[in-house]
Amino acid sequence: MHCNWLLGLALTVVLLLLQLQVPGGEARRQMKRHTRWHHRPHQISLRRETRHEDRFKLLQFEIPALLAKFKIRVRRGPLRLMSTRIGADEGTVMLPLVNAYNTEYFGNITIGGNQTFKILFDTASANLWIPSVQCPPESCLHLQRYDNSLSSSYRANGSAFQIQYATRNNQPTILKGFLSTDTVELAGLEIKGQTFAEITTLPPNVFHKSNFDGIFGLGFKEIAIDGVIPPMYNIIEQELIGQPTFSFYLNRDNTGKVDPSGGKLLLGPSDPTLYSGCMTFVPLSKIGYWQFTVASIELGDNQLCKKCEAVVDVGTSLIVAPPAVLRRINAQLGLTEADKREGVYTLPCSRLPKLPKLTFNIGRRDFVLSPSDYVVRFNNVCVSGFTSLEEGSAELEDDSGTDYDNLWVLGDVFMGPFYMEFDMEYKRIGIAPKT
């Protein structure tokens, strides 16, 4: 499964266009340690994007992107946000990030000392890639491109790199390039010798309106393309953080205002002031993605599944349910095919008070989403927070035999109300209500 940058980009388009159509407008490494651990988290704050661009047509890539991300076969002048140091005496580093309409969360990294890129953070992939200066202008003109000749810390690799994100009409959407190594700076942390991909071939019809330049994968090495060491492994190996964990706190306040309160990505120990009560931990059921077992999921009094396998993916905007379950959800929410627009379902915002709560039982504890949590609202436009990988009776499979017909993908809609810790040492996920 590769990172699903297309999901958020596409859903952003839905919200923007529909607004015009309604009145009003992640293990701790096994090695000897002889140096001290630091004990304070590095914080990255999320900010909001206010650009209003017409990207509705890109929504057609929403489901194909997930299919390619899970490696499933179906049978039958950019904005620059510079890092700043907050509370230097406490060792807290803050990097402003952008939250684009509650559908994408991304921010800045610097490579080679002075080349800055807007990067989508993704828990369902493990590679870092950015556009190369060798990418032709017709594909990458509006993207920040990496020029290795400008970096004194650059080390050549040259191995070919390729990643597929989506298919459209049975035609693959493929990104191609080559591997390079350089120093990557993230929130004041210098990751030395990080190998990443320079992309030289991008499909222009997909990327020409993207909000970000590249992808920063936060998954395990088991899913890294070409065996490249993921950035988080190097962060831990180089002891840049006090604990091999990272956490997300996503602000879902849909104000559309650019401010530093859009959320946080914490590298290192969690911040207990950002969640209430005790954190609930669940072990991963499969290593590679952040996959675990949910005891049950209920929509109102309707039990949708028991012992459900789910992947947490900050790179996905919605909650992706098994196809058969999505049909039951839609029936319960009163949604029909007539309500479907470019792959997502819309509904009158006035219906929200009458909709049922959505309950996830995780680690013997209930985590509840209200209708306002699982419906993406942008002014007068309301979009159901549920979709599926493939509708109909087609079988879904990958090379490892994963049963995708029954897999859930818990994206930003699920993560929004909660503080979530990803523990790479103990291979577990922690979850608690946000404060």
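Using the three backbone atoms N, Cα and C, a Cβ is placed for every residue, glycine included.
The structure displayed is predicted, hence computed values, not measured ones.
According to TrEMBL, the active site annotation covers Asp122 (among others).
The Cβ neighbour count for Asp313 (active site), using a 10 Å radius and every protein chain shown, is 30. According to TrEMBL, the feature active site maps to Asp313 (among others).
In sequence order, Leu143, Arg145, Gly177, Ile199, Thr200, Thr201, Leu202 are the residues near Cys135 (disulfide bond), counting only same-chain partners six or more apart with C-beta under 8 A. What TrEMBL records for Cys135-Cys140 is disulfide bond.
Feature annotation from TrEMBL assigns domain 'Peptidase A1' to 105-432.
Among the features that TrEMBL reports, signal peptide is placed at 1-27.
Counted within 10 Å of its Cβ, the other Cβ atoms near Cys140 (disulfide bond) come to 22, all protein chains included. For Cys140 (disulfide bond) paired with Asp313 (active site), the C-alpha to C-alpha distance reads 26 Å. A Cα-Cα distance of 7 Å separates Asp122 (active site) from Asp313 (active site).
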